[in-house]
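According to TrEMBL, the signal peptide annotation covers 1-22. The active site, nucleophile annotation in TrEMBL covers Cys8. Residues annotated as domain 'Glutamine amidotransferase type-2' in TrEMBL: 8-245. What TrEMBL lists as Mg(2+) binding site is Thr315, Asp377, Asp378. Look at TrEMBL and you will find 528-566 tagged as region 'Disordered'.
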Amino acid sequence: MASLQHLCGILGLFLHDPSVNAAPEICEGLSLLQHRGQDACGIVTCGPRGRLYQCKANGMVRDVFTQEAVARLIGGMGIGHVRYPTAGTSNHAEAQPFYVNSPYGITFAHNGNLINTAALLHFMDAVAHRHINTSSDSELLLNIFADHLNETGKFRINEEDIFVAVRGLMVQARGAYACVAMLAGFGIIAFRDPNGIRPLGVARRPIPGGATDWLCASESAAADVGGFVDWEDVRPGEAVILTRCGVSRRQVIPAATFAPDIFEYVYLARPDSVLDGISVYRSRMAMGNALAQEVQRVLTEKQITVDVVIPVPDTSRVAALNLAQTLGLPYREGFVKNRYVGRTFIMPEQQMRKKSVRRKLNAMALEFANKNVLIVDDSIVRGTTSREIIQMAKDVGSKKVIMASCAPPIRYPNVYGIDMPSRAELVAHGRTTEEVAEAIGADLVIFQTLPDLVTSVRQLNPSIERFECSVFDGEYVTGGVDAAYLDHLEGIRSDNMKTKAAVVNGLASAQAAAAVVAVGEAGAAAGASGASSASGGSDGTGTPSSHRHTDGVDDTIGLHNTWKLS
């Protein structure tokens, strides 16, 4: 896979027994979502009397959440997040979940990207008088949600108040967002944007005696491993509330055009996940079958024969195997992957990605020497990885190298949470297929057609009439995306604007916050849960951000951190 930054993974867990700590299971669930982001991770749990406990830092799940760190995360419910920075910086201050103490004590994790950030920031400053401390859309969404909850003016809120607040957020926010929030002492809220662009689902785990544990996550694989069943996708424009009394669901805003991101199936999601009723594994099988027909057509037209089909590990294996079987060609594992080097698409700096490719893959000469090789990859984005892979194949003696992509040419940026920072960096932008082949050093490049890709996925759930395919066709389902917006987005998301990663291959950032405190009693307790509530002082509310002093401000945004507590 060519260098492509992914988005994030989110997870919420509500255990029926509050005496059992949720953190170990949240940690395990996040490890199953690690492919969705390796820049940073975090967990916040809620313990007795609404006290919140947090651990977050730059780095991978296995490094941040040590046994000691997890043991300090007390409470039977919590939310977690794994992250790649899709906008803003790689600063550890933007690790999620985020927190605000007013109203009620809210923590929040988000996957996606907003397209009306500027207008929302103005609203936060001029109307809501809330200080936004980072450039993260997640902190912005949290404060919008908090502002709508604050409008109730209640000492105790109920589920109706929460549904109304989520509706208010959806009316204001435009873009892609799958979110999970936790109200101290109350429960967990999950919701999805009206287009359903980013994935999110809910599952349950029956407990002897008739009780139930609940989980919400970006992908169903996180639920499967924990023994959760009856996975249901959160519908576009729907909110789900998990409390000790059970689960409540409501369509808080009419669904717009349902358009899940097709790139989830091409590359982003785990093959063992089922998203919106579609098996990721089966969709990739279908992509291989469809690509085989296009490969056969082009090879016949060019009068080229192929000796062997070789996948680029790991995502393209399923499609490559089906392609080889359809064409009656040998399938070989010609590249050996170093499992201890991170996925190149995760790395924030272009030079880091390029250097990583040869550390990550090694070509076995006996599978390439004196052969016409068809290399199958899931997609070609920048071309950095493809160029290095093709050169490796030639270095070990390939006669011809044909590159086949399971996805069509990526010619446009993604504005919904996948970081493709510059049109100029997309190797297919403004280039013909022949020019792409020349740019990456291939003898021939063959792309899947967009109609074939859509058919491959849609045939597994015909009720989905449209997919979000903007990276291929430049049509943005939410509207509101023009050249000026793309120019602005490319500026704030460019590699040069990101802080160089202090974390490489899972090493923890030396800059991670090192304070420990459980935030005091928060209490959003509402009628349904019967928990008590307290309205704490507002952190970042009531004073325009231009008038706030910052002496002593903690970059963990108010909630102290147990990471690296000695």
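Glycine too: its Cβ is placed from the backbone N, Cα and C atoms.
Any TrEMBL annotation is an automated prediction that lacks curation.
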Binding-site residues compared (Asp377, Asp378) - the one with the fewest other Cβ atoms within 10 Å: Asp377
Cβ-Cβ neighbours of Thr315 (Mg(2+) binding site) (radius 10 Å): 24
Other CB atoms within 10 A, centred on Cys8 (active site, nucleophile): 27
Mean of the pLDDT scores, which run from 0 to 100, over the domain 'Glutamine amidotransferase type-2' (8-245): 95
Rounded distance in angstrom between the Cα atoms of Cys8 (active site, nucleophile) and Asp378 (Mg(2+) binding site): 20
